Amino acid sequence: TAAPSHSVAEEERRARANDREYNEKFQYASNCIKTSKYNILTFLPVNLFEQFQEVANTYFLFLLILQLIPQVSSLSWFTTIVPLVLVLAITAVKDATDDYFRHKSDNQVNNRQSQVLINGSLQQEQWMNVCVGDIIKLENNQFVAVREVALQGNKSLPLFLADRNEETNMKVRQAIPVTSELGDISRLAKFDGEVVCEPPNNKLDRFSGTLYWKESKFPLSNQNTLLRGCVLRNTEWCFGLVVFAGPDTKLMQNSGRTKFKRTSIDRLMNTLVLWIFGFLVCMGVILAIGNAIWEHEVGTRFQAYLPWDEAVDSAFFSGFLSFWSYIIILNTVVPISLYVSVEVIRLGHSYFINWDKKMFCVKRRTPAEARTTTLNEELGQVEYVFSDKTGTLTQNIMVFNKCSISGRSYGDVFDVLGHKAELGEPVDFSFNPLADKKFLFWDPTLLEAVKMGDPHTHEFFRLLSLCHTVMSEEKNEGELYYKAQSPDEGALVTAARNFGFVFRSRTPKTITVYEMGIAVTYQLLAILDFNNIRKRMSVIVRNPEGRIRLYCKGADTILLDRLHPSTQELLSTTTDHLNEYAGEGLRTLVLAYKDLDEEYYGEWAQRRLQASLAQDSREDRLASVYEEVESDMLLGATAIEDKLQQGVPETIALLTLANIKIWVLTGDKQETAVNIGYSCKMLTDDMTEVFVVTGHTVLEVREELRKAREKMMDSPYAVGNGLPCPEKCSSAKLTSVLEAVAGEYALVINGHSLAHALEADMELEFLETACACKAVICCRVTPLQKAQVVELVKKHKKAVTLAIGDGANDVSMIKTAHIGVGISGQEGIQAVLASDYSFSQFKFLQRLLLVHGRWSYLRMCKFLCYFFYKNFAFTMVHFWFGFFCGFSAQVALSASDTINHFFIWGSLAVYFASPLPCTANGLFGIGRPRLPLASPGNAQNTLAQPTVWLTITLTTVVCIMPVVAFRFLKLSLKPDLSDTLVRKKQKAQHRCLRRVGRTGSRRSGYAFSHQEGFGELIMSGKNMRLSSLALAGFATRSSSSWIESLRRKKSDSASSPGGGADKPLRG
């Protein structure tokens, strides 16, 4: 069959093997990647352009331009350009360093070597030179350079892929059967097949394509492709055809920019800067008005020796220029260096987290890591924690614990009276030389049933040994090592191995199992793989006798609806066992099988082939074909134990004491999640009530939420009967009386109920009910629902959220929350790579929040208070000086004093002092176990304490009263010259008031006053006859004090005839 013609727009990708000339016509992207932002030529202009998008930088550039105008500026341009250049340089160096490492990483990746088949021989080529359509050779433990279709592997073994930097998250890939026969390089060099597939996209879990070769077409799926960035395992070598390269690969398509997360401190600083800028403008306007008035009233009298500039023709224009001059002089109130200073302190806090030995996991040799430096103080403000269960609260180390086979439960130990007994000695598996010595099981009756040849038990373990994608590696004779995609699969296959059904090896078409010591090879006809929608997995095999059977395992909510009607009695018994297992906190799976006749299977296989070759809606068509064949008979169920991590109950108890609400979002059954909730002390017997929402319709869910609110309020009319009322359910009303109800409540909701609760007309009802509860558990939720729950709280609650998880299904939740924490556990590092902070155990969360978060927040608050105090103290000096210099825009301090002030007190001292003050005994001691979080509410609580106001009053009295008393006594007992003159002036004014009946004028305090000067005083000679004591006191007083005291009006002098000109003054 000929391949269809090419479309101009890339609605499909076409790649022909060994034909670069043909593939170059489509102008596909090269394999050279570029994650850097700058180069040598573009760095300076691009970086400056980015930096001047910051309002503060643009503002100071504007000031610098103003300072170059002589009529406006009384300061040298040096005072502005130095801090501006310093800030720009520090930021530029940081950006250049980051980009240098990006360049270094790009060069390292692009220059990796790969073996490419060119002109019939393998040649070494750099990754950047690999093109679409090339055939490349990969070897074991080698990174995959591109997205390629696997053509051939050695010994026809499945290819085993490990995600980058991960050993636990393995994915099975297989070469196309038709191309596996291309034995040597010469045949591969002549291979001219053409792949037609979907265009580049970021969907990691799907691939749809078709191989056209030898007038035939063959379906391609995700199982036949190798992803860029993965590592080849379990095979010595393989060949692949390049389909996507460089930016078109799935890895690069998913490496978009992470959403920038801003903290509440950042938002507060931005708001404060805007208010401060407004305050600066107000000060400039006040001083400009003062300048205009002074120039109009007084300045015109001094034109002889204080002439205006040529450009100034009026007092109004002088005030206008004075406004811009004061904007320059008072610019220090706007904190240009604030953002840089904050980043430096945050960097120090990040190192404190990285260096904390109490957050270091000795077992895994994994330290805590702050992967961002912008969210440290936000850790001290967290109010909601959203946590995954498996691998986060639990260890994610699965152990086969119990099972139900044909209506009988195994796993508990009973005494002779039929009562449950204490676990004694584990079952002896010495009869099986291939048994795993680490596996423990305590119920001997299950092993007896196996040895006695019970057919149901044999079929049970046969299913476990066949229905999986586990890979087996045998390094030495009898030493088997299993590599599984999930710990669940590994635990089930290991259980079958110990009970005599040993999975030994597999090829793309066969599975070999040792059944009670006898090797049996099954022909693998089809794998119906697991996904989040199907929630089940099936295999179709043909045994040596030729009988075809389908084996299936999956979630009980899915499989129980697909069982044969004749199994109702067995179904009821197995359901009871499932509920019992889930009540003990165990993870459950249902197992089933179905016999297929040859004719039916042949027809079904043909329909499956047609669906797999479809160019559109391939996945939907395959799902429909799978649904048709998966109607099974019940066989049994398994129960796997996943133990809690160490320290989880204590951590949750501490976080609860800090008024942090914890929500668990898990995909497990409701009973399992609830049991884990009790184990980790989220749920307690002391709680008033635990509400369970399991409604299947919108009305049922709304009714259950309404009843929960009524019980919390003890009134059926408290919440408007649960009807969707915008005025009652608006976000402004969410801080309702519900959150102050007496008693402790918890909410448990299923995934299908949560889907209705998250609808637009009910989400606020659900949120208000959930936020009134102390703990919330959401069961059977999808990764998307996890992110939706977090987004709902972020949107309607003014609270900081934190999401913590360990797997790929937690990535969306981690990215959505204000703060994302990744657990480096058994499921790889996807969550870690997407997180802001990472460590290896959940218990370290208490230290991250209650110690580092609290300290970071307190230090940052103290720093901001000091920083703004420093700026205002320095700036207000110039503001008040304006009233004493005729509003002439003169500076009170020299430029060197300004630079020293901001460099010493604004930078060095703060950088060293701010990160170090702590409130506990040691730098990394956790302090009191009930240490509350630092939050804005603490200030309100502190001011409500009587002892605080008593301390403030006593401090004020002790500090101020001695000074006030000293000045009062000095004024009365030993007045100086100015005090005497002031008294005489006040007496004279008092006499004038009684005689004239008018008020005295208020004297101005700046140098060029509206009143008379000192000519009369000088001519009178009074200042020449001062005593030596008076002169000494006279020299120490401020200029404004004695100037104001000595000035007199002529009318005041005329009304005092007794004051002779030759009468000496007395101090």
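Backbone N, Cα and C atoms are what each Cβ position is placed from, and that goes for glycine too.
Curation does not apply to TrEMBL; its annotations are automatic.
Which of 770-790, 875-895 counts as transmembrane segment depends on TrEMBL, and there it is 875-895.
Counting only same-chain residues 6+ beyond the ends of the transmembrane segment (314-340), those with a CB under 8 A from a CB of the stretch are 54, 56-57, 59-60, 63, 66-67, 69, 71-75, 80, 83-84, 86-87, 90-91, 269, 273, 276-277, 279-281, 283-285, 287-289, 291-293, 295-296, 299-300, 308, 867-868, 871-872, 874-875, 878-879, 882, 887-889, 891, 898, 902, 906-907. Residue density at R780 (ATP binding site): 21 other Cβ atoms are found within 10 A of its Cβ, drawing on all protein chains shown. Put simply, D806 (Mg(2+) binding site) is 13 Å from G667 (ATP binding site) when counted between their Cα atoms. Model confidence over the domain 'P-type ATPase C-terminal' (832-892) is summarised by a mean pLDDT of 85. D810 (Mg(2+) binding site) and R587 (ATP binding site) have their C-alpha atoms 19 Å apart, to the nearest angstrom. The binding-site residues in question are T390, N809, and the one with the fewest Cβ neighbours inside 10 Å is N809. Taking H, G and I as helix, E and B as strand and the rest as coil, DSSP gives the domain 'P-type ATPase C-terminal' (832-892) the counts 43 helix, 3 strand, 15 coil. Note: the domain 'P-type ATPase N-terminal' (16-81) comprises 31 helix, 1 strand, 34 coil (DSSP; helix = H, G, I, strand = E, B). When the Cα atoms are compared, D388 (active site, 4-aspartylphosphate intermediate) and R587 (ATP binding site) turn out to be 15 Å apart.
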